[in-house]
Amino acid sequence: MAKFECTDEVTNFLTELPKCEHHLHLEGTLEPELLFQLVERNGVQLPGTFPKTVNELHVIYNNFADLQDFLNYYYIGCNVLLSEDDFFELAWSYFKRVSTQGLRHAEVFYDPQSHTSRGISLEVVTKGFERACAKAQEEFNISTKLIMCLLRHCPVEECMDTVKSAKSLIESGVIDGLGLDSSERPFPPELFVECYQLAKSYNKELQLTAHAGEEGDPSFVTNTLDLLETTRIDHGVRSIEDAELIKRLAAQKVMLTLCPLSNVKLQVVKDVSELPLQEFLDNDVPFSINSDDPAYFGGYILQNYLEVYSRFGWSKAVWAKIARQSIEGSWCDPKRKQELLSEVSEVVNKYVNLP
């Protein structure tokens, strides 16, 4: 439950505070309104049991039982995306929305296998998203990175084929990073070692991350770091259960990309206040605050910041630390990092009366 009031001054400060988003699935920004527009435009047939109206779909989104329940709707939603313009429109809608929320840098996920399995080429999907990223830079000065995710519930051979088909996009740097998502516990990181090694062989500059420690125990995090050689962990909340792992994350500056509202919606915790955010701060484990699949989980990045404030009531200095470590943990170049760090200082100095 909320313990601290988000006053107008707090809300304004958190809105203006420069933000980096590192855990955002572009397909997870598919709002019900756009979903039904694309159904109409593309003549897509949804399952007979699927909600018939925007309001009915919102009710479903407010009551997911767990990760798998959410994923079932997430993959149905992907079926309405067919053309390059569809993918562009989806991502552009996201960038427009967060441009007013202080977002300055976005490293965004997408799931090609959700689309190639329907006969849509990797190039079509990537080009649509790439166009939206370029427009976000041009119109909003939001810098971006594209992270291609492998779906861990798919056969490993199919994941390997996806990496092979992305060879030229990885070599050219259009794809900046490789990630791993979907159902965690049945599909541990050790299954995907060769996929990661192959992708890295295409471009030594390719960044590596993976979902771990959301539903899986801390060993999923440790094995992801050791076997997949990632430099970042997506989610990672259950790392707190392993004291040695916490020391390692702090020492190696492995950033956790945390998603508070997602963790509540998918029953990882009952309330944002139960998340070990203060423990991560106390132990110098770097983390960023992100929205995951905001169309499904009831809040974009600013709402996640506000929800965290309402539970923890952190001072301006703590929020500045979170903003700075989010920038330092980003994959943008040093010049861009310095620009963003300067922006953080400007905003912090502006709110002189805020504790």
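Numbers run from 1 along the shown chain.
The backbone N, Cα and C atoms fix where each Cβ goes, glycine too.
Residues His23, His25, Asp292 are recorded by Swiss-Prot as Zn(2+) binders, and the candidate that the same record lists for that site, out of His115, His153, His211, is His211. Considering only the recorded positions His23, His25, His235, Asp292, Asp293, the residue whose Cα is spatially closest to the Cα of Glu214 (active site, proton donor) is His235. Sitting within 8 Å of the Cβ centre of His23, His25, His211, Asp292, and not among those site residues for Zn(2+), are the Cβ atoms of Leu24, Gly28, Phe109, Asp181, Asp234, His235, Thr257, Cys259, Ser262, Asn290, Asp293. Classification of His235 (site 'Important for catalytic activity') by DSSP places it within a strand. For the recorded positions Glu214, Asp292, Asp293, the greatest number of Cβ atoms within 10 Å around a candidate Cβ is found at Asp292. The number of other CB atoms found within 10 A of the CB of His235 (site 'Important for catalytic activity'), across every protein chain shown, is 27. Checking the recorded positions (His23, His25, His211, His235) against Asp293 (substrate binding site) with a 10 Å Cα-Cα cut-off leaves His23, His25. Reported as a whole number, the C-alpha separation between His235 (site 'Important for catalytic activity') and Asp292 (Zn(2+) binding site) equals 9 Å.
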